[in-house]
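Below is one structure, written out as structure tokens; the observations come after it.
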Amino acid sequence: MAYSAAMKAAIGEMRDVLKAHGLGQQSKEFSAHGEHKPHDDAPFVFVACSGGRDSLALAACAQVVCAAWGIRCGAIIVDHHLQDASHKVAQQTAQTCRDLGLEPVLIVDVQVKERGQGIEAAAREARYAALVGTARRWHATAVLLAHTKDDQAESILIDLIRAAGTDAFAGMPQTQLFDDVLVLRPLLGITRAQTTRICEDEGLEYWDDPTNGDAVPLETALPASYPLRSRVRHDLMPYLSAFAGCDMVDRLARTARIARRDVEALNQEAERALAQTVEFEGNMRDLQADRLADDKLGANIDARALERWPEAIRYRVIARTLAACGLAYASRHVAAVDKLVSQWHGQGKVALPSKYSAKRKAHVIRICEDITHANRRCAKRN
């Protein structure tokens with residue numbers, strides 16, 4: 001079958017990413033022409049599909065590659081129930097995925113609970129939980145997400161707007177582990193224009209989320225009520241490209257690839273330093289593990305040992321420690337704890353979120369729930 005240039009590019013990206021994770025051709029029999037059915041024990045991947053142009057292009061591309069390589073490929077459609085048409089969109093998307101040949105195709109209903117982080121973040125949290133939970137139940141090898149080069153560039157700008165730091169320039173990683181489930185982003189080298197072309201060439205009818213602002217003319221700025229990502233896409237990115245006289249999507253995506261290498265090297269060093277300088281107390285499984293609300297975690301930092309590491313590594317170790325304790329920390333909290341490490345002169349404790357504190361005694365910095373608050377909580381429970 002002859003594929004368009006956009007589809008060929010996406011297939012190439014998909015092959016590279018799958019092969020890099022041991023998901024290459026499963027048997028020589030799949031090199032021969034003709035239709036072949038994956039073996040029952042073949043690796044199994046899920047495509048996360050919303051019905052939008054990016055995820056339908058991903059589904060079509062994944063099915064082509066997986067069918068050719070003997071890999072089982074299914075789809076997960078998450079219905080957030082945030083819009084009136086969500087049920088209809090989910091059903092139509094499921095049928096499109098079945099028509100493409102994906103099996104099984106699952107619709108997963110979720111309840112989005114907004115707890116102060118914003119509805120967009122709450123929906124993302126619910127979606128990832130549903131994808132990871134479903135993948136675990138089906139023993140899937142990986143979940144494929146449809147983030148594109150455009151999404152990568154937009155993510156960098158969003159992270160820079162919301163926070164500062166090296167990690168903001170690294171964007172989204174191509175590979176992530178969520179609760180031991182492998183999550184892959186095979187289309188980070190593919191543009192939204194290419195996914196649109198794939199859908200058009202393959203005759204795939206996609207759905208545009210109205211909150212994306214696609215129906216609003218480019219010369220009209222989106223109101224502040226639209227999600228930040230939509231406003232960055234619709235307003236900021238075109239302005240930056242016009243101002244710079246170049247394709248800022250491509251420029252930012254290339255920046256992300258370079259910065260990602262640096263960030264991963266820093267993270268590896270930080271993990272080594274963490275293992276050597278921090279001891280956790282409580283039910284600690286790993287830094288991404290979910291804990292019960294009353295399952296409080298504390299940590300002891302060997303300040304003398306940590307002081308020997310460069311500042312960039314110290315900050316990452318402290319940030320990981322605070323995150324592992326379940327604290328919604330800010331950069332000022334990390335800096336304040338680092339002063340207990342590198343500028344120690346007998347100062348008092350550092351107040352942290354969630355009624356936690358960091359206090360140094362001799363060479364040990366103890367991070368734990370403030371004793372007064374802990375006593376009150378225990379009294380209420382009893």
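From the backbone N, Cα and C atoms, a Cβ is placed for every residue, glycine too.
Residues or ranges marked as ATP binding site in Swiss-Prot (evidence: sequence analysis): S50, G51, G52, R53, D54, S55. Secondary structure at G51 (ATP binding site), taken from DSSP and collapsed to helix, strand or coil, is coil. Taking Cβ-Cβ distances under 8 Å and a sequence gap of 6 or more within the same chain, the neighbours of G51 (ATP binding site) are I77, V89, A90, Q92, T93, T96, Y206, W207.
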Within 10 Å of each Cβ, count the other Cβ atoms and name the one among the binding-site residues S50, S55 with the highest count.
S55
Over all shown protein chains, what is the count of other CB atoms within 10 A of the CB belonging to D54 (ATP binding site)?
25
Can you check which residues sit near G52 (ATP binding site), meaning Cβ under 8 Å from its Cβ, same chain, 6 or more apart in sequence, and list them in order?
A146, Y206, W207, D208, D209
Can you count the other CB atoms that lie within 10 A of the CB of R53 (ATP binding site)?
25
